[in-house]
Amino acid sequence: MTSGAPDLLIDAGNSRIKWALVTADGSQIAAGALPHSGADQPDWSDLPTPCRAWLSNVAGENVAARIAASLDARWPQLPLTTIRACAQQCGVTNSYTTPQALGSDRWAGMIGAHAAFLGEHLLIATFGTATTLEALRADGCFVGGLIAPGWSLMMRSLGEHTAQLPTLDAHAARGLLDGSIAAAGRSGPFFATDTPRSLSAGCTLAQAGLVERMWRDLQDEWQVPVRLVVSGGAVDEVASALKVPHTRHDSLVLSGLALIAAERALERGN
């Protein structure tokens, strides 16, 4: 392995694993994703040997062990760095009371967003298993955030903890929405006329309402424009219900991992 070899970036979220092989300048050589469910392994068979692997893992020890085994099977003894949030990195300052308690995915995502929209105040909304919000000032100061149940989790919880409501999965709920909320938003409030649509639309609008409320509150507090950046597995559904301007970015965590890798390489003198 040479200093010019690419980095392998791995984002292990609660529902799936995303990865990318990138060069030192951030150019992507290859990328992929796979769910935690099932026995599938990442297809790294045709990839060149990376200099190091970088992992953000919020999915637990079993997933970490699975990733380590996959790496060792393809590239024995490849160095693996599992990132943790810290007080300051890549121009972002962490205001959490205990900086290391912040999820590594949120930390890497903020680093990626700060670099992608340099000089802008941001509200970052990620719609995954959990919905997370981060308020990030233009100077890189993360002032705090929120965590709520994600879109799919909201629907599943209602089905599992009530006697008569159906348990909707994401696939079924997407079919029920079918652009109806966005269309209704142009003509008036949306009220469904059957239980499954009431549930799917209600959870979608709950997500959108949270984001819109915090975006408006943040602009009122800071008295400056704030860019709303959205991402995550349920971004299509929730973004369709938003009535405020927003920008989509699908690779914030991987982008942040690339920046962390580059900063560490400079520190090592590579």
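Keep in mind that glycine also has a Cβ here, set from the backbone N, Cα and C atoms.
Some features that Swiss-Prot has for this protein:
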BINDING   D11, A12, G13, N14, S15, R16, I17, K18, T129  ATP binding site
BINDING   Y96, G103, S104, D105, R106, T195  substrate binding site
ACT_SITE  D105  active site, proton acceptor
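Shown on the structure are the features that Swiss-Prot records.
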residue	record	Cβ within 10 Å
D11	ATP binding site	27
G13	ATP binding site	23
S15	ATP binding site	16
I17	ATP binding site	23
G103	substrate binding site	19
S104	substrate binding site	23
D105	substrate binding site	26
R106	substrate binding site	26
T129	ATP binding site	19
T195	substrate binding site	12
From binding-site residues Y96, G103, T195, the one whose Cα lies nearest D11 (ATP binding site): G103
Rounded inter-Cα distance in Å - I17 (ATP binding site), R106 (substrate binding site): 15
Between G13 (ATP binding site) and D105 (substrate binding site), the C-alpha gap once rounded to whole angstrom: 7
Between G103 (substrate binding site) and S15 (ATP binding site): CA-CA distance (Å): 15
Other residues, Cβ within 8 Å of D11, A12, G13, N14, S15, R16, I17, K18, T129 Cβ centroid (ATP site): H36, V58, A59, G128
Distance, T129 (ATP binding site) to S104 (substrate binding site) (CA atoms, angstrom): 15
Three-class DSSP secondary structure - T129 (ATP binding site): coil
Alpha-carbon spacing, T129 (ATP binding site) to R106 (substrate binding site), which is rounded to whole Å: 13
Tertiary neighbours of Y96 (substrate binding site) (same chain, Cβ under 8 Å, six or more apart): A85, L102, F142, G144
Where G13 (ATP binding site) falls in three-state DSSP terms: coil
Structural state of Y96 (substrate binding site), classified by DSSP into three states: coil
